[in-house]
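Here is what TrEMBL records for this protein:
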- 21-40: transmembrane segment (TRANSMEM)
- 108-129: transmembrane segment (TRANSMEM)
- 159-179: transmembrane segment (TRANSMEM)
- 191-221: transmembrane segment (TRANSMEM)
- 263-319: domain 'MIR' (DOMAIN)
- 329-385: domain 'MIR' (DOMAIN)
- 390-446: domain 'MIR' (DOMAIN)
- 518-541: transmembrane segment (TRANSMEM)
- 562-580: transmembrane segment (TRANSMEM)
- 592-615: transmembrane segment (TRANSMEM)
- 622-647: transmembrane segment (TRANSMEM)
Amino acid sequence: MLDATVQLERKRKLRSRLDDSTWWYIFGLVLVLSFATRFYKVEEPDHVCWDETHFGKMASWYINRTFFFDVHPPLGKMLIALSGYVTGYDGSFQFANPGDKYTDVNYLGMRVFCTLLGAAIVPFCFCTVWEMTHSLTAAVLSASYVLFDIGTLTLTQYILLDPILLFFVMGSVMGSAKFNSYKDRSFTKPWWFWLTFTGIMLSCAICVKFVGLFIVVYVGLHTISELWEILVFLTRVGHGDGFYSSAFQSQLQGNSLHNASMPRELAYGAVVTLKNQRTGGGYLHSHWHLYPQGVGARQQQITTYSHKDDNNKWRVKKLDVEPEETDPITLVKHGDLIRLEHISTRRNLHSHDEVAPLSRKHYQVTGYGENGTGDANDVWQVLIVDGKKDEVVTTVSSRFRLLHFLQNCVLTATGSQLPKWAFEQQEVSCNPNLRDKNAVWNVEDNIFPKLPNVSFDVYAPSFLERFFESHAVMLQGNAGLKPKEGEVTSRPWQWPINFRGQFFSGQPYRIYLLGNPVIWWSNIVFLLSFVLVFILGAVYKQRGITLPDPAFEARRQLLKESGAWLFVGWLLHYVPFWFMGRVLYFHHYFPALLFSSMITGIVLTYILDTVLLYIPDKFKSLVYHWSVGTILATTIYSFVLFSPLAYGMAGPLANDPNSTMHSLKWMDSWEF
């Protein structure tokens, strides 16, 4: 990610090149065309089309307060019912079968409502790409791919959940992009507005269909990325880093764990620090000061301390033998009985039948003995979490409990703050509850010259490992749905290639859901092109290859970053369907299509910008306008050719040579 200051400066320069009136003129044209194409013939056909039989029926049940069960969340159906209710529909129509005539039925209000939300998808797309790239060309091309797609038009003209879902999905993407543009102006009114807007859109998306979860994951990933950018930016050690886990600290420059190397395994005689596994847990610590009179035995204090300190160091000793330099290497294993000697004071970690300072049901933990010699209450058993016999304790990665051999309690950090006599450090006690979740520790520093050192990087989990562990997504929702007899279903591999459509209405007024093949097939080409461009960009970056013009290089980088996020969105809304056991339909691909279309606009702009680098200055404007004009003309012409699929076909089917649609049956699997 680029530095925030560079991004802001780049945006300012790009914005200054664009006249506001031009932007608003084009945006206004996008609005007009979107609403004109969507509302044209919205009242036709005047009979029940496809799944209107389901969602119109459910709207009627809501209006009549009739209980029913459905596999989808309720919001979309409730909104359809509300739109029907406020426009005069009384809930009396049965919506029994596709093709049933709307005789004396005020159905138009519900269709208009769904179409209104569907029409908003195009300007949402335009604004999203503009906010992500600040390229008017990319915004126009992306919006045109959504505007002139016959399939998107068809799917958003009827009483269905799909236009509502697509509205909230696209609204979430736009809201996220707008919110991100205000990250340099946190907590301002626009920042709060777009944060709230995005939250509302996300919650509504998942309340329409469970697949709305995918857009929640997308925005969540984007948020994680922003947090990660902050963490990457804050790379140097600072005050309070000891509150974080050992793995986290290893990524901080200047921290003792950054680029550190130490033995992988723990041996007797090693000098170690022990870190508590609770969130914000500190290091096992001691100092010369004793517990005050009246607080258990007047022995040396044991605490946890969240900062690096020599008083955090302990030597691992065998049960009954003091370590010698000539001792052979013996590794500490699961179940071993050990003693821990505090390096600075030479006293052993100890517990006994005295009440802890604050946790009255726990035993006191102290430092006891002289010059490493104590008594039987210094003995602890190492129990690795889920450990097996002879399993060796390893640095950082082993999580273990220390069980007191005589008191049968576990060493724990309670999190309670001790008084000033203990310098307000955290209480350490011995808990008889052996399942105490705060009684888990790990070895952080491991000093033992006899064993070879390994890089600390082997201990730290990767960002992806932590991410996938924390954000597993359930992909088996609605797994019990099965196709009805004679119902046309499809598989995910068929969707991007526009393999087969879906009849919305039969004879005599046929409506067929099918994507604009020019748009859909070019989307595949530009998806693959984006992957190639992204890989080449990564190779160039690795080799330090950049363009001589920094401003142009920054613009290309912004286009690639924007395309990368939209590619993630496409993957999230497409790949999960490959793993679903439920029945699938062609219309399930349309949320992914929106991301694919936006990627196409960005890739086309990237390619055009690159080509213009090699065009003489006097021809650049001509080549640019001819290229953009050709792309727009092609999409518009293909829209006009295939528009009868959305606006209605009559006469013979396309497989009849006398049909007006015969020349447009480019694939045998198309059934219109």
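Placement of Cβ uses the backbone N, Cα and C atoms for every residue, glycine included.
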Among 191-221, 562-580, 592-615, stretch most in contact with the transmembrane segment (159-179) (C-beta, under 8 angstroms): 191-221
Within-chain partners of the transmembrane segment (592-615) [C-beta distance under 8 Å, separation at least 6 from its ends]: 121, 125, 128-129, 132-133, 135, 137-146, 149, 151-152, 166, 169-170, 173, 495-496, 515, 519-520, 522-523, 526-527, 529-530, 533, 547, 552, 555-556, 559-560, 562-563, 566-567, 569-570, 573-574, 623-624, 627-628, 631
For the domain 'MIR' (263-319), the mean pLDDT of the predicted model: 89
Positions whose Cβ lies under 8 angstroms from the transmembrane segment (562-580), at least six residues beyond its ends: 129, 132-133, 138, 169, 173, 211, 214-215, 217-218, 221-222, 473, 475-479, 492, 495-496, 527, 530-531, 533-534, 588-589, 591-592, 595-596, 598-599, 602-603, 606
Remote residues contacting the transmembrane segment (21-40) - C-beta distance under 8 A, at least 6 residues beyond either end: 112, 115, 118-123, 126-127, 130, 136, 140, 143, 147-148, 153, 156-157, 647
Residue numbers, six or more beyond the limits of the transmembrane segment (108-129), whose CB comes under 8 Å of its CB atoms: 27, 30-31, 33-35, 38-39, 42-43, 56, 59, 79-80, 83-84, 86-89, 135, 138-140, 142-143, 146-147, 152, 155-160, 163-164, 166-167, 170-171, 173-174, 177-178, 562, 594, 597-598, 601-602
